[in-house]
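Please read the structure below before turning to the comments.
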Ligand SMILES: NC(=O)C1=CN([C@@H]2O[C@H](COP(=O)(O)OP(=O)(O)OC[C@H]3O[C@@H](n4cnc5c(N)ncnc54)[C@H](OP(=O)(O)O)[C@@H]3O)[C@@H](O)[C@H]2O)C=CC1
Ligand SMILES: O=C(O)C1=N[C@H](C(=O)O)C[C@H](O)C1
């Protein structure tokens, strides 16, 4: 536990794009404090001060490759790493009975099942997007998909991210696809079309299509297009700064503290459920 009742947070993947953004965000948010920072065993950043690496000066938190002792003294973990790492960290968070905020995308069904199992003992908040704007957009998408009949409006989801992103479609695109499917009263699985190439045949009525763009330094752009005959509605979100995700993640950790173990979403955190 950290001093003065602050929530003591560990940032795993502390040297990454989101890891460094999280360290900076926690520094500005009352009630939260960085008490640990973890990276992979062969990371060139081990031993460096997490605050200095993130550009806010020394905070006396060295980056370690050993999560267990760090988790043991923490109240929560912020995790934007890789699917395999997040599954492993969920197990450690369950052992320590602490909050675990997972922003990692690209998880398989098996990864998600393991994370759900860990949520029997940890308070886990997992979302493909931690920003207020995208979670509100998901509510609007669900409403629009419900209001506009599948026979009249086709739903397509377009996303663009920076050239370093490794998974597709993005976690956010899938979150928005789930919202559209919920509005239509169908499951996304089995109704999703994740890529098109060659002679595809005509579009299947009621399907939800995805298109992925990658390039440059784009933080995250998402559009949900409802295409009818003679008219088109586009609902969009443009992320300009990773700080929106980091602030959302810290908010989720503070919200999860003291909750019962379970698997929660950002919609729960933001009261949008
Ligand atoms: N939900 C949301 O709101 C958001 C989600 N994301 C997601 O977060 C994830 C990370 O994104 P980003 O920060 O851009 O990626 P980065 O590659 O910049 O950061 C990931 C960091 O995690 C480290 N890492 C990998 N494995 C481990 C491990 N076992 N233990 C400790 N550290 C580890 C990496 O180290 P190394 O480089 O040495 O492998 C790297 O420093 C992605 O899945 C992305 O889609 C991103 C933004 C917002
Ligand atoms: O990898 C990223 O950068 C992002 N990943 C998340 C996603 O997959 O949707 C969230 C955000 O768009 C940035």
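Just so you know, glycine gets a Cβ as well, placed from its N, Cα and C.
Curation plays no part in TrEMBL annotations; they are all automatic predictions.
The shown structure was predicted, so the numbers you read here are calculated from the model rather than taken from an experiment.
TrEMBL annotations:
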ACT_SITE  161  active site, proton donor/acceptor
ACT_SITE  165  active site, proton donor
BINDING   13, 14, 15, 16, 17, 18, 39, 103, 104, 105, 127, 128, 129, 130  NAD(+) binding site
BINDING   40  NADP(+) binding site
BINDING   162, 171, 172  (S)-2,3,4,5-tetrahydrodipicolinate binding site
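Taking the features listed in TrEMBL, we show where each one sits on the structure.
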| residue | record | Cβ neighbours (10 Å) |
| --- | --- | --- |
| 13 | NAD(+) binding site | 25 |
| 15 | NAD(+) binding site | 21 |
| 17 | NAD(+) binding site | 15 |
| 39 | NAD(+) binding site | 25 |
| 40 | NADP(+) binding site | 15 |
| 104 | NAD(+) binding site | 24 |
| 129 | NAD(+) binding site | 27 |
| 162 | (S)-2,3,4,5-tetrahydrodipicolinate binding site | 13 |
| 165 | active site, proton donor | 18 |
| 171 | (S)-2,3,4,5-tetrahydrodipicolinate binding site | 20 |
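Residue 17 (NAD(+) binding site) falls within a helical segment according to DSSP. DSSP classifies residue 39 (NAD(+) binding site) as coil under the three-state reduction. The two recorded residues, residue 161 (active site, proton donor/acceptor) and residue 172 ((S)-2,3,4,5-tetrahydrodipicolinate binding site), show a Cα separation of 11 Å. Taken residue by residue with DSSP, residue 162 ((S)-2,3,4,5-tetrahydrodipicolinate binding site) is part of neither helix nor strand, so it is coil. Checking the recorded positions 161, 162, 172 against ligand 1, none has a C-beta less than 6 Å from an atom of that molecule. Listed in chain order, the residues near the (S)-2,3,4,5-tetrahydrodipicolinate site other than 162, 171, 172 are 105, 128, 129, 159, 161, 165, 167, 170, 173, 220, 222, each with its Cβ within 8 Å of the site Cβ centroid. Checking each of the recorded positions (40, 162, 165, 171, 172) against residue 127 (NAD(+) binding site), the C-alpha distance stays within 10 Å for 171, 172. The distance from the Cα of residue 162 ((S)-2,3,4,5-tetrahydrodipicolinate binding site) to the Cα of residue 17 (NAD(+) binding site) comes to 11 Å.
Cβ neighbours within 10 Å of residue 127 (NAD(+) binding site), excluding its own Cβ and spanning all shown chains: 27.
Checking the binding-site residues 15, 104, 127 against ligand 2, not one has its Cβ under 6 Å from it. The secondary structure of residue 171 ((S)-2,3,4,5-tetrahydrodipicolinate binding site), as reduced to three states from DSSP, is helical. If you take the C-beta of residue 172 ((S)-2,3,4,5-tetrahydrodipicolinate binding site) and look for same-chain residues 6 or more apart in sequence within under 8 angstroms, you find 105, 128, 129, 134, 159, 220, 222, 237. Within 10 Å (C-alpha to C-alpha) of residue 171 ((S)-2,3,4,5-tetrahydrodipicolinate binding site) lies none of the recorded positions 13, 17, 39, 165. Taking only the Cα positions, the spacing between residue 104 (NAD(+) binding site) and the residue listed as 'active site, proton donor' is 12 angstrom.
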